[in-house]
Amino acid sequence: MVNINIAALENIGKVLNDPKRPMKERFRALFTLRNLGGEIAIKCISECFQDESVLLKHELAYCLGQMQDKNAIPILRSVLEDKTQDPIVRHEAGEALGAIGDPDLKMLLEKYQHDPAIEVAETCQIALQRLNWVANKASEDRNLSKSRYESIDPAPPSVEDNVEKLQQTMMDESKPLFDRYRAMFSLRNLGTTESINALGQGFKASSALFRHEVAFIFGQMQDERSVPYLKQTLEDVTEHEMVRHEAAEALGSIATDECTEVLKKYLNDPRPVVRESCEVALDMSEYENSPEFQYANTLLTVQS
Ligand SMILES: [Fe+2]
Ligand SMILES: [Fe+2]
């Protein structure tokens with residue numbers, strides 16, 4: 001961890017918590033806090049759950065989960081329990097609790113696995129199965145817990161590596177989402193044209209949560225071969241906003257001219273979560289196409 005004084009950390013927190021700042025700056029502040037970690041960073045991030053932006057708040061929860069710090073459990077718990085928060089934000093809080101993976105969270109996740117908001121219910125079902133998996137890791141699974149994308153995934157990859165079989169499992173709506181997610185993460189790890197096309201079929205699944213995860217994974221892979229699927233998803237105005245948001249951010253991380261062009265088209269989308277995603281995604285593409293050292297470099301700007 002970088003050695004940084006409290007005042008500098010709090011200044012980054014102020015950028016994050018300032019609704020007058022452009023969304024892309026607030027995102028950079030958030031990623032800087034996530035990377036620095038520790039109690040003050042968690043406090044600054046927690047305060048921001050008062051904000052109006054669903055996009056920003058769901059990202060706060062995501063980052064808290066990825067930080068893997070048990071000090072974030074109380075705030076994530078209160079967000080999951082707060083029915084006035086948007087289901088997208090509550091979903092991300094549930095997923096983050098699963099990522100932290102504390103066995104004591106079992107009861108809480110059980111309570112919300114039947115939440116009326118389907119995104120929240122499905123997330124808690126997956127998180128519960130992840131807790132179980134962490135507790136009873138089968139020996140062949142032991143090497144699977146770490147993602148090659150350095151993310152804490154909602155489910156580990158499966159042990160299968162046959163694309164056809166993986167696609168079959170992924171699309172089998174009678175199977176638990178956890179098993180279908182495992183197949184999805186294996187397809188991601190294969191990274192071939194066949195596995196990307198198989199993942200693209202995932203956009204036909206009935207669960208919006210599932211479809212948003214496919215888009216998220218394409219963002220991690222940053223592979224041009226997924227662009228047609230992502231473009232179609234963002235352009236479909238009848239698609240769930242959580243899925244379109246994730247498609248926009250994935251396009252931002254792939255960052256070809258074609259991606260930029262489509263993102264610009266939705267900068268004024270009537271749905272705030274979609275238009276803010278396009279704004280942030282265009283900022284990410286700018287970074288992808290520039291020689292800057294680190295995407296989230298608020299620390300440098302705040303200190304100088
Ligand atoms: Fe999500
Ligand atoms: Fe997201």
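Cβ coordinates are placed from backbone N, Cα and C, and glycine is handled just like the others.
Over in TrEMBL, the protein carries these features:
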BINDING   H58, E59, H91, E92  Fe cation 1 binding site
BINDING   H212, E213, H245, E246  Fe cation 2 binding site
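Overlay of TrEMBL annotations on the structure.
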residue : record                   : Cβ neighbours (10 Å)
H58     : Fe cation 1 binding site : 25
E59     : Fe cation 1 binding site : 24
H91     : Fe cation 1 binding site : 29
E92     : Fe cation 1 binding site : 29
H212    : Fe cation 2 binding site : 24
E213    : Fe cation 2 binding site : 27
H245    : Fe cation 2 binding site : 30
E246    : Fe cation 2 binding site : 24
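Note: the Cα of H212 (Fe cation 2 binding site) and the Cα of H91 (Fe cation 1 binding site) are spaced 12 Å from each other.
Annotated Fe cation 2 site H212, E213, H245, E246; additional same-chain residues within 8 Å of its Cβ mean position, judged by their own Cβ, are R211, V214, A215, F216, M242, V243, A247. Checking the binding-site residues E59, E92, E213 against ligand 1, the ones whose Cβ sits under 6 Å from it are E92. A Cβ distance below 6 Å to any atom of ligand 2 is met, among the binding-site residues E59, E92, H212, E213, E246, by E246.
Cα of H245 (Fe cation 2 binding site) to Cα of H91 (Fe cation 1 binding site): a span of 14 Å. Listed in chain order, the extra residues whose Cβ falls within 8 Å of the Cβ center of the Fe cation 1 site residues H58, E59, H91, E92 are K57, L60, A61, Y62, I88, V89, A93, E95. Note: the Cα of H58 (Fe cation 1 binding site) and the Cα of E246 (Fe cation 2 binding site) are spaced 12 Å from each other.
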